[in-house]
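A.B. asks: One structure, pasted below without further comment.
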Amino acid sequence: MFKKGPKVTSYILLVAITISGISTFMIYPLLVFRLLDVGASIGEIGLILGALSGTGRVCSFIIGSANNRFGSKLTVCSGIFVRIIGISVFAFESHIYSYIILSALASIGSSASALGIKTELLRQSAERKLITMRSMAINSGAIVGPALGAALYHIFSFHIILYISIGTYAILGTILTLTYFSPPESTSFADSHYEVNLNKYSSYIYITLIASAYWAIYSQWAIIVPLISTQALGYEEASNLVYMANAVIVLTLQYPLVVVALKSVKDSTILLLGFSVFLASFAALFIPSSVFMLALFCIGFSIAELLVSPTLDSQTAKVAPAGLGLTRAYGLQDTITGIFSIGGSSIGGLAIETIESPSATAFFGMPVTAIAICLIVILKRFTYRR
């Protein structure tokens, strides 16, 4: 077993997040084209991607409760191997229901490993710095993954890339079985981080509603990017470039903006800024298809993501009700946001299929973003500190 200690575990987990990101993003941008090749419609692809991204989140309260009882190590390792089973379905030409069911299984495994790693890290600190480092690790993998996937796609079939991804997951899961994890809920967060006010449930509810809007918005990315990038640049692998650009923007700007430049700015203000940028990004979809439109959407969406995502995680950790505990607070929130993720992906796919234009995504994304902005304005009236 690797050397015990929270710092060593943190470093290993951050590396594991990066490797997992590489394994995920080397195939994720190619899934739309794989599913089109086997005859799935855009609406069906929306359902499959919704199941892949959102089902695990729907089950996260159950996962969080299991994590609370059995510990992060079992949750993380079992989650990785369940994900392997789920994504294996894309190696075969199968029925739509098989894709949906096994995508849902992969999503459950992914959420289990992600939730276990996140709670293990946040037992040490809920400050922006560690949360941002976690996000940077994710995006480091998201830079390398699409580049590697695109390079391999010119040489090998989708199947070979999928098998490489599966093999990497298997090695990662084996390594993490040898890594030290804290006992189940044995180490609580420092009370000073979370004794903010006595009305945390109200704050937690608002943060969860805002997070739900975020995931409904974020679910549009996987559907819209392959379509608008292919239209603008003329070849399927262009989506990999957009995924890479997104990761580079988040990786290079997140720490300087969120941790340094906005250090003294309240979290609610950062959220308001982030969702305002989302609104502008969706408006860019009404510009005729071009490299300019693609760049505007990608840059705006990426900046909004890097502002909103770590801020929501930080706020959830700070306002998690004592009656739930951190693991179950994240689990319950992920369950609720997962429903919105599946719904958002499905609605977005059906809207594009019905209107036959990628700009249809904006008709869904803009109202959801406006609702989130209204919720943040209400949230700003609460007096809890960052």
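Here the Cβ of each residue, glycine as well, is placed from N, Cα and C on the backbone.
Below are the features I grabbed from TrEMBL:
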type: DOMAIN; residues: 9-386; note: domain 'Major facilitator superfamily (MFS) profile'
type: TRANSMEM; residues: 12-33; note: transmembrane segment
type: TRANSMEM; residues: 45-63; note: transmembrane segment
type: TRANSMEM; residues: 70-90; note: transmembrane segment
type: TRANSMEM; residues: 96-117; note: transmembrane segment
type: TRANSMEM; residues: 137-156; note: transmembrane segment
type: TRANSMEM; residues: 162-183; note: transmembrane segment
type: TRANSMEM; residues: 204-229; note: transmembrane segment
type: TRANSMEM; residues: 241-262; note: transmembrane segment
type: TRANSMEM; residues: 271-304; note: transmembrane segment
type: TRANSMEM; residues: 360-379; note: transmembrane segment
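Burial and contacts for the listed features, if you can.
C.D. replies: Here the transmembrane segment (12-33) has long-range neighbours at 2, 45, 48-49, 52, 80, 87, 90, 110, 113, 117, 120-121, 133-134, 137-142, 144-146, 148-150, 152-153, 158, 161-162, 164-165, 168-169, 172, 175-176, 179, 222-223, 225-227, 236, 239-240, 242-243, 247, meaning same-chain residues at least 6 beyond its ends whose C-beta is under 8 angstroms from one of its own.
Sequence-distant neighbours of the transmembrane segment (96-117) (same chain, 6+ residues past either end, Cβ-Cβ under 8 Å): 13, 16-17, 20, 24, 35, 40, 44, 47-49, 51-57, 59-60, 63-64, 67, 72-73, 75-90, 327, 330-331, 334, 338.
Beyond the transmembrane segment (137-156), the same-chain residues lying 6 or more positions past its ends with a Cβ under 8 Å from any Cβ of the stretch are 14-15, 17-30, 164, 237, 239-241, 243-244, 246-248, 250-251, 254.
Packing against the transmembrane segment (204-229) from elsewhere in the chain are residues 28-29, 31-33, 42, 45-46, 49-50, 53-54, 57, 236, 238-239, 241-243, 246, 271, 275, 278, 285, 289, 293-294, 297-298, 301, 305, 308-309, 312, 315-316, 319-321, 329, 332-333, 336-345, 348-349, 352, 358, 361, 364-365, 368-369, 371-372, 375-376, 378-379, 382: each is 6 or more residues past its ends and has a CB under 8 Å from a CB in it.
Within its own chain, the transmembrane segment (271-304) is flanked in space by residues 210, 213-214, 217, 221, 224-225, 228-229, 231-233, 242, 245-246, 249-250, 253, 311-312, 315, 358-359, 361-362, 365-366, 369-370, 372-373, 376-377, 379-380, which lie at least six positions past its ends and keep a Cβ under 8 Å from the stretch.
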